[in-house]
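S.K.: Sharing the record's features from Swiss-Prot:
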type: DOMAIN; residues: 27-192; note: domain 'FAD-binding PCMH-type'
type: ACT_SITE; residues: Arg171; note: active site
type: ACT_SITE; residues: Ser221; note: active site, proton donor
type: ACT_SITE; residues: Glu291; note: active site
Amino acid sequence: MKDKIRLELEGIDIRFDEPLKEYTYTKVGGAVDYLAFPRNRYEIVRIVEFAKREGIPWQVLGNSSNIIVRDGGIRGFVIRMDKLNSVTVSGYTIEAEAGANLIETTKVALFHSLSGFEFACGIPGSIGGAVYMNAGAYGGEVAHILVSAQILTPAGYVETLDNRELRFGYRSSILQENGAIVLSAKFALRPGNHTVIQQEMARLTHLRELKQPLEYPSCGSVFKRPLGHFAGQLIMDAGLKGYRIGGVEVSEKHAGFMVNIENGTASDYENLIAHVIQVVEKSSGITLEREVRIIGDPADTL
């Protein structure tokens, strides 16, 4: 199959048996069969059409900041959008390709004195991933500013969905159900004062640095916020701050985070998540729901 891929997808940057731990914020994860870095939409379509024709599974990953890849890796293609990263400004509108870095996009907004993107100034990830999960923080979220997104449907068609059609919810969108790929997104911002925007971004960045364990690899916020509660507080109340399985620990700095402190594995993450859910449910009666996505095969399927 590798020779066929080299022949039929000639010119596309494809890496074979590539360890995904090098690409994830958790620094865990096994190898993927075929890791593709398309440069444009045409190359994405070529990869997807080839995969469908050959019966090879495929999926898209952004910056992998809120994802855990299992230790057995991923079969088939993983498409990384890193090379589709242009950001353009027209009036009060920013249009960004799916692979554009979210934090860097907020800096573009700041440069043009456009307000509305400040909430995302410290959120790691890509534009595509941010749209996919309706990323948010400090009272703001993608749904508040997104006008539309261009997507590639599973059938191979390029379509534009407006804000309403994307059916945003708390850390969710229709994209989590329909299997479409985000190609680009358009955001409507408002004119603002450069200094005021800069000060707000600095304030939010400072808050993030104070409260979050940025010094360790992690998958970001592990659980969604339960209605009327904070996941981190529930975990702390259950006595789990600092609890460790293998090389992964419930952060001492913020119990809503799990950090890879010493050569942790995806299995360590999964086991710790399951343990936290069980203990919190027993102590509070509240069942925590994962925000982080877990994908791939467990190690015992290798």
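If you go along the chain as it appears here, the first residue is 1 and each next one adds 1.
Any Cβ shown, glycine's included, is placed from N, Cα and C.
Source: prediction; values computed, not measured.
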S.K.: Take the C-alpha atoms of Glu291 (active site) and Arg171 (active site) and report the distance between them in angstrom, rounded.
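M.R.: Given the Cα positions, Glu291 (active site) is 7 Å from Arg171 (active site).
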S.K.: Measure from the CA atom of Arg171 (active site) to the CA atom of Ser221 (active site, proton donor) and give the result in Å, rounded to a whole number.
M.R.: 11
S.K.: Arg171 (active site) has how many other Cβ neighbours within 10 Å of its own Cβ?
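M.R.: The answer is 20 other Cβ atoms.
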S.K.: Within 10 Å of the Cβ of the residue listed as 'active site, proton donor', how many other Cβ atoms are there?
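M.R.: Result for the residue listed as 'active site, proton donor': 21 other Cβ atoms within 10 Å.
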S.K.: Specify the secondary structure state of the residue listed as 'active site, proton donor' as given by DSSP, simplified to three classes.
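M.R.: SS state of the residue listed as 'active site, proton donor' = strand.
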